[in-house]
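Before any comments, here is the structure.
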């Protein structure tokens, strides 16, 4: 049976680190920023890691 294709939408949104962890960007940044606090906007600039339970689901898509 052939390999499954990688989901290209996911491929553009995540990076896999050298240790095998998955980095992702944060949501809620594209618009309506005036309703969010400065702290929310500042913290959402940082990238975060995908949780272990989510990684199990995403592994099939990668």
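Just so it is clear, glycine is given a Cβ too, placed from its N, Cα and C backbone atoms.
It should be emphasised that the depicted structure is a prediction, and the values quoted were computed from it without experimental measurement.
The feature compositional bias 'Basic residues' is assigned by Swiss-Prot to 1-26. Residues or ranges marked as compositional bias 'Basic and acidic residues' by Swiss-Prot: 53-62. For 1-62, the entry in Swiss-Prot reads region 'Disordered'.
With DSSP classes pooled into helix, strand and coil, the tally for the compositional bias 'Basic and acidic residues' (53-62) is 7 helix, 0 strand, 3 coil.
When the compositional bias 'Basic residues' (1-26) is classified with DSSP, helix, strand and coil residues number 4 helix, 6 strand, 16 coil.
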